[in-house]
Structure formats: C-alpha cells, structure tokens
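Peer 1: Quick paste of what Swiss-Prot says about this protein:
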CARBOHYD  N46  N-linked glycosylation site
CARBOHYD  N57  N-linked glycosylation site
CARBOHYD  N106  N-linked glycosylation site
CARBOHYD  N199  N-linked glycosylation site
CARBOHYD  N207  N-linked glycosylation site
REPEAT    232-253  repeat 'PbH1 1'
ACT_SITE  D246  active site, proton donor
DISULFID  C248-C265  disulfide bond
CARBOHYD  N254  N-linked glycosylation site
REPEAT    255-275  repeat 'PbH1 2'
ACT_SITE  H269  active site
CARBOHYD  N293  N-linked glycosylation site
CARBOHYD  N329  N-linked glycosylation site
CARBOHYD  N354  N-linked glycosylation site
DISULFID  C392-C398  disulfide bond
CARBOHYD  N400  N-linked glycosylation site
Amino acid sequence: MKLPILVTLFITLPALCVSSKTPSAPTISAYPKSPGNFKPASGRQNSTSNVCEVKPNQTDAAPGILAAAHTCNNGGTVFLPPGDFVVATALDLTFLNNIDFAIWGNITFKKDIDLWTTQAFQYTFQTASLFWRFGGNNVNIYGDGKGVIDGAGQYWWSAMAEDSSVMRPCLLGTDGLHHATISGLTMLNSPNWFNLIANSTDILISNMTMLVESEISDAPAKNTDGWDIYRSSNIVIQDSRIVNTDDCVSFKPNSTQIVIQNLDCTGSHGISVGSLGQYQGETDIVEDLYIYNISMTDASDVARIKVWPGVPADTSGSTSGGGLGRVRNVTYEHMQSENNDHIISVSQCYESKNQTMCDSYPSKLVIEDVLFKDFKGTTSKKYDPEIGELTCSSPDVCHNITVQDINVTPPSGDSPTFTCNNMGNSNLEDITCA
C-alpha cells in the first residue's frame, strides 16, 4: 500500500509528525483603537489536515521546528504541544507565508554564552541580537494561555555582572513580518529586551504576559524592555501585563502609526519614545502614536520622551547626540498612575550633564504636536511635590506640547508642580511650572 506523503515525512523526520489535533487559533481584533488601514493576519489557516506537530526535545528542538515550518508553510499549522523544547541552534523563520504557530509547550534556549555569541542574529542598532526571528506574510503565533517562552535571564544577568560586554539576546523577534498576530504567550526572564519588532508592518499583539524576577541582588535584571519597536509601522499592542525593570514599551527610530492600549505595567521606566537622536547625522522619525488606557505602577515614569541634545559644530561621528529627525503627533490619554516617580517626562537633553550645556547645543531633533491628557492617580515621594518634567533644549525645536486634565496627587498632598524649561508655544495652562 502506498503511504501518504505526510506519513512518509513522519518516518524520515522523527521530530516531526502530522497531527490530527488541530489547535484552535483565537479570534482577536484591535480594540478600541487601531491605526488607519490596519490589516493584521487574515485569521486561522483553513487546512485541518496540514498540522505539523513537533515533538518535545530537550537537546535541540530547532531542527524539528524548522522542518515543520517548511512542511506546513503556505496554509498549515506548526504545533508545539505541552512539553519542553530546548533551542540550541539559531532559528531563522523569516520565510513564512500563510501559516500558524501554536505554541503550547515550554520553550527555553540553551545556556551557552559562547554558542549564542557566534550564532545569534546580530543587529547594529544598539547591538541587539536574537535567538530566533519570525518574518513573512500572514502569520499567526499564539499560545492560547498555555505556551511559555523562558529566557533563563538570571544566567545572563549574572554573566553580565562579571562582564558588562556579554551579548544577551532578546527573547522573541520579528524581522520583515507583515500582516500577523502574536497572542496568548507567557514570557519569562528575558536576558535582554523581551520583544524586538523590526522592519515589520500590520502586527496585532494581544493577551501577552511578561514577568521578570531576579534571584541574585548583585546581578539584577537589566534592559528587560517589554517591546522595542524599530523601523516598523501599523502595530497594535494591547490587553497585556508586564512586570519588568526597564521600558514597558519603547518606540525606537522610525516607528510610525502605532497604538498601545489596555496595558498593565509594573516596575518599568514607562511607555517611552526613544531615546532618539543619539547618532550624529542619522535621521530618527517617530510619529502618529496613540497610547491609551495604561495602568502604570512603581515605575520611574508613566509617559516619557527621550531625545539627545546637539553636539558642537566641529564634532564628527558622535554617538552621544547630534542626530536629526522629529517626534510628531503623539498622544498619551487616559493614564492611571500609582506610586510612579513622574507621570510625564519630556527631555530633549537626554544624558546631558546639565541644562546649560544642553542649551548651548540644542537638539536637531524636533518635538512637536504632543498631547498628554487625562492622567489620574498618585506619584512616589521621590520628587514630591514635583510630578513631572518638561525640558526642551530650545523653544525653536519644541512646539505645541499640551498637558491637560491632570488629576495626580503627590504623597505630601501639596499642589503638584512640573519642572519646565524652554517650552516655547506649548499649552501648559492646566499645570503649575515651578
């Protein structure tokens, strides 16, 4: 009897089999906000016969995952069932087309700094690197509340405490991913950023959980941003919980048309634009952002914009400011603050030693048309009664910043104040600049 071709694949590739179990992909949509012309993945793949189940593998699951992706590409589903999957080979999944990834198992990455120093996918921007990356068109990646990606962060943070130059990969990355959804995954203890969204468009990310816990006080978690978005547009991140030690979300250069909504962030540095303008001569653009309905607790800031100042005219090749570009059309609305140091921090003098030096070399990156609206809650005692900072390097490069409907109380109960510098024609009637 002639064996069906898919059974033959099972015989020749023991790590891969065709499963009769068809995981149920969630139906999710951007709500209540979305960018114009937003088009994430078209929904669950229709084929119920083309489901490639990858067997758990505690030596190296990467070959099995890669084989499944090739076999079930163009209309199928890759299924990682409950069990342990150790990835010990860098996994390039940037060829995907019309495919689902159902991750119900526990994914970890081999603890081997030398291995990942040579194998991880390297990016010049802020020396980011990735264990694995997803790219392609019309892709759904989902965990249904079962899947876990564990970065074993303490191993990497301890190594960094001994050698600050240790390369630490991000836990999940997209590079050239278009029309996609990512949902229902728990991510633990990332060595570096949890997620890098690069060179991608039309991605809906929903119902994610990200948790960081350091076990050694002398080797704390470092750089555990929830999401870093870089050279990407039409992105929605929503309905997720993040407990970390760095930015909850960070908009890196050339992030546009993005909605962030319904997040619960704890212990972070806030929802941050930047830092931008760090590299002399390079142009960074971040515009058309809507950040809505965020709960922020025990953070340094709720809403934050970080821009480097300019540099002296005779400077060449600076990596400490002098970059070009703009931050434009950014809205933070309906933000709940609990015990955060500042509710709003705008700095066009990021990493500058003092305001006088920053005033001498104003930023070449313009901030304009920014709205902070409807902030409620409390701040910490760190700057009491100051609840925010608005610092531009010159009124010539800082326009139309509006702060309104602020109902935030410092611990002392005194009238809240802001530090304000070079704000020019901004609309600050609803706050007190001290």
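Cβ atoms are placed via backbone N, Cα and C, with glycine included.
Tell me what's around each of these sites.
Peer 2: For N57 (N-linked glycosylation site), the count of additional Cβ atoms within 10 Å of its Cβ stands at 20 [all protein chains shown].
N106 (N-linked glycosylation site) falls within a strand when secondary structure is assigned with DSSP.
Within its own chain, N199 (N-linked glycosylation site) has D175, G176, Y230, R231, S232 as residues 6 or more apart in sequence whose C-beta sits under 8 angstroms from its own.
Look at N207 (N-linked glycosylation site): DSSP puts it in coil.
Mean pLDDT for the repeat 'PbH1 1' (232-253) in the predicted structure: 99.
Over all protein chains present, the Cβ of D246 (active site, proton donor) has 23 other Cβ atoms lying within 10 Å.
Secondary structure at C265 (disulfide bond), taken from DSSP and collapsed to helix, strand or coil, is strand.
In sequence order, Y230, R231, S232, D284, I285, V286 are the residues near N254 (N-linked glycosylation site), counting only same-chain partners six or more apart with C-beta under 8 A.
Around the Cβ of H269 (active site), a 10 Å sphere holds 22 further Cβ atoms from the protein chains shown.
The Cβ neighbour count for N293 (N-linked glycosylation site), using a 10 Å radius and every protein chain shown, is 17. According to DSSP, N293 (N-linked glycosylation site) is assigned to a strand segment.
Sequence-distant contacts of N329 (N-linked glycosylation site), defined by Cβ-Cβ distance under 8 angstroms and a gap of at least six in the same chain, are E287, D288, L289, D369, V370.
In the three-state DSSP reading, N354 (N-linked glycosylation site) counts as coil. The Cβ neighbour count for N354 (N-linked glycosylation site), using a 10 Å radius and every protein chain shown, is 9.
The Cβ of C392 (disulfide bond) has 27 neighbouring Cβ atoms from other residues within 10 Å, across all protein chains displayed.
Long-range Cβ neighbours of N400 (N-linked glycosylation site) (same chain, at least 6 residues apart, Cβ-Cβ under 8 Å): E368, D369, V370, N425, S426, N427. DSSP classifies N400 (N-linked glycosylation site) as strand under the three-state reduction.
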Peer 1: Using all protein chains in view, find how many other C-beta atoms are within 10 Å of the C-beta of C398 (disulfide bond).
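Peer 2: Other Cβ atoms found within 10 Å: 27.
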Peer 1: When the Cα of N293 (N-linked glycosylation site) is compared with the Cα of each of the recorded positions C265, H269, C392, which one is closest?
Peer 2: C265
Peer 1: Rounded to a whole number, how many Å is the Cα of N106 (N-linked glycosylation site) away from the Cα of C248 (disulfide bond)?
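Peer 2: Spelling it out, the Cα of N106 (N-linked glycosylation site) and the Cα of C248 (disulfide bond) are 23 Å apart.
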Peer 1: From the recorded positions N57, N207, C248, N354, pick the residue whose C-alpha lies nearest to the C-alpha of C398 (disulfide bond).
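Peer 2: The smallest Cα gap between C398 (disulfide bond) and any of the recorded positions is with N354.
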Peer 1: Per DSSP, what is the residue count of the repeat 'PbH1 1' (232-253) in each of helix, strand and coil?
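Peer 2: So the counts come to 0 helix, 15 strand, 7 coil.
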Peer 1: So what sits near C265 (disulfide bond) in its own chain, CB-to-CB under 8 Å and at least six residues off in sequence?
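Peer 2: Listed in sequence order, they are G226, I242, N244, C248, I271, I294, S295, M296, T297, A299.
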Peer 1: For H269 (active site), which of the listed recorded positions (N57, D246, N354) have their CA atom within 10 A of its CA?
Peer 2: D246
